[in-house]
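Chemist: Summarising the annotation, TrEMBL assigns domain 'Protein kinase' to 1-164, 259-516. Marked as active site, proton acceptor by TrEMBL: Asp30, Asp376. Sequence annotations record features per position, and here TrEMBL assigns domain 'AGC-kinase C-terminal' to 165-234. Sequence annotations record features per position, and here TrEMBL assigns ATP binding site to Ile265, Gly266, Val267, Gly268, Ser269, Tyr270, Ser271, Val272, Cys273, Lys288.
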Amino acid sequence: MFTEEDVKFYLAELALALDHLHSLGIVYRDLKPENILLDEAGHIKLTDFGLSKESVDQEKKAYSFCGTVEYMAPEVVNRRGHTQSADWWSFGVLMFEMLTGTLPFQGKDRNETMNMILKAKLGMPQFLSPEAQSLLRMLFKRNPSNRLGAGSDGVEEIKRHLFFSTVDWNKLYRREIQPPFKPASGKPEDTFCFDPEFTAKTPKDSPGVPPSANAHQLFKGFSFVATTAIEDQKISPLTNILPIVQQLHGNSAQFNDVYEPKEDIGVGSYSVCKRCIHIATNMEFAVKIIDKSKRDPSEEIEILMRYGQHPNIITLKDVYDDGRYVYLVTELMKGGELLDRILREKYFSEREASDVLYIITKTVDYLHCQGVVHRDLKPSNILYMDDSTNADSIRICDFGFAKQLRGENGLLLTPCYTANFVAPEVLMRQGYDAACDIWSLGVLFYTMLAGYTPFANGPNDTPEEILLRIGSGKFSLSGGNWDTVSDAAKDLLSHMLHVDPHQRYTAEQVLKHSWIACRDQLPHYQLNRQDAPHLVKGAMAATYSALNHKTFQPVLEPVGASSLAQRRSMKKLTSTDL
């Protein structure tokens, strides 16, 4: 089942698609969920026109008995002739199914279903809004001339209905309204969401109809050409290059067949990152090799495929799976870590720091608005794409700990409409994780301005010492660079590092703060670096190591080994003896 807001969006786009067909004199005649696909952005695409009929209007009818019976209009079932208004009945069936999860007319067999379409009274679920019920009743008119959309105004009748009162039809037509769901794909040719049963099949030739005897001159520009004939021709260099984006399912190639691994870039507890070379093009990439026995990479893959097209999120290029390891091929971050770049600079101004924080926070805000929390925004996961000093080349990387907001059934939830459909504890957890992302940005922000970390004095601090300082929520904003840092920066920092996650700023609030919004007015005063870069990086590593530190857990023995159980056993034994 969908929310009514989701249904409203998809039906509105579908209404525009049907209206376009009707304006061309085409009746679609096969409207059902299987024939409505989503593109890479989440907008609908109407497909499969095998049963469509041209040159049909309100005066001229079609009489074919065709379509999927559960979605057929009464006039199609009784074969008395149908027009484009039959599509609006199917439109209503689809709406009912999306809102309730069931079909309005479905019997135990085909004949009973057709009888129900012709005669049965529609049972209207009372949990639907009055506007939704009204629209359904106006679409389920058995007399096609009385059906909404069948009048002289056509689709305008549907647009004017109260159910669509909040839809901006001009923005919808220009695709300016964000879809409620974005598929996990990066480009139109991706097949990540397709059923592996079909994508794993070997493609077969589908020759066209042989030309007639009268076709003396065959124009091959519009004719099928056998694959073998194409292969016999000289192949251009571009056709040898494998597609940049290959899918996890249905991909027979192995990573080592396409890429040559090079030196290690980074090593983690469950993965290793290497530089690699694309053999066909000699282009450099990075590959994250994940041990599937230690971590399930599916969430990370989905997030990168769904949101990796953002300019400041690392782009996923290829995915390979050899059974034990998953290989995530991404763009290579040649500029190195953000913190390294900043610490190499002898001087750093507030304006430069504001530009950096703006780019990162804007990207984090985008993720949070999509229901995604990163949960590991340490400086080593924020890198530069190249050696330029342009903040636009910053990329957020490593989504291994990231999570998407999901319902109890495991399905992704629409960020705009979660409040009414998600358990409070789920939303609270999501809000907590989002607040942790902001806290991590606050630590980075503090280090950029001060030249040292807020809670660790050095790499040798113990986890207990660091956690005690973090828990107290106290950090210094005086002395050193802080004597010249603006009050606006200190105010923003205090809200980002607030010990109470409920009082901590959201990403949206950070972006609206004057230190970010009016960053072009910030001073160019150069802030000095206080500590050596290796000490700052060591302290930063110690901070995040402390956050992941596991406190000592006692080894639990069986209950019978406790002194209390032994005393009771002894007492019971004594009583028995007596």
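Every residue gets a Cβ built from N, Cα and C, even glycine.
Note that TrEMBL annotation is computational and uncurated.
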Chemist: List, in sequence order, the residues of the same chain other than Ile265, Gly266, Val267, Gly268, Ser269, Tyr270, Ser271, Val272, Cys273, Lys288 whose Cβ lies within 8 Å of the centroid of the Cβ atoms of the recorded ATP site.
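Modeler: Same chain, not in Ile265, Gly266, Val267, Gly268, Ser269, Tyr270, Ser271, Val272, Cys273, Lys288, Cβ within 8 Å: Ile289.
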Chemist: Let me make sure I understand the span of the ATP site: among Ile265, Gly266, Val267, Gly268, Ser269, Tyr270, Ser271, Val272, Cys273, Lys288, what is the greatest distance between any two Cα atoms, in Å?
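Modeler: Max span of the ATP binding residues, Cα based, is 14 Å.
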Chemist: When the pLDDT values for the domain 'AGC-kinase C-terminal' (165-234) are averaged, what is the result?
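Modeler: The average pLDDT of the model in the domain 'AGC-kinase C-terminal' (165-234) works out to 63.
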Chemist: Using only C-alpha positions, which one of Ile265, Ser269, Ser271 is spatially nearest Asp30 (active site, proton acceptor)? These are the binding-site residues in the record.
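Modeler: Ranked by Cα distance from Asp30 (active site, proton acceptor), first place goes to Ser271.
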Chemist: At a 10 A cut-off on CB-CB distances, which of the binding-site residues Ser269, Ser271 has the highest count?
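Modeler: For the binding-site residues Ser269, Ser271, the Cβ with the most other Cβ atoms within 10 Å is Ser271.
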Chemist: If you count the other Cβ atoms within 10 Å of each Cβ, which of the binding-site residues Ile265, Val267, Cys273 comes out on top?
Modeler: Cys273
Chemist: With every protein chain in view, what's the tally of Cβ atoms within 10 Å of the Cβ of Asp376 (active site, proton acceptor), excluding that atom itself?
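Modeler: If we count other Cβ atoms within 10 Å of Asp376 (active site, proton acceptor), we arrive at 20.
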Chemist: For the C-alpha pair, I'd like the distance in angstrom between Cys273 (ATP binding site) and Asp376 (active site, proton acceptor), rounded off.
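Modeler: For Cys273 (ATP binding site) versus Asp376 (active site, proton acceptor), the Cα atoms are 17 Å apart.
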Chemist: Just to verify a number: CA distance, Ile265 (ATP binding site) to Asp376 (active site, proton acceptor), in angstrom, no decimals.
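Modeler: Cα-Cα distance, Ile265 (ATP binding site) to Asp376 (active site, proton acceptor): 18 Å.
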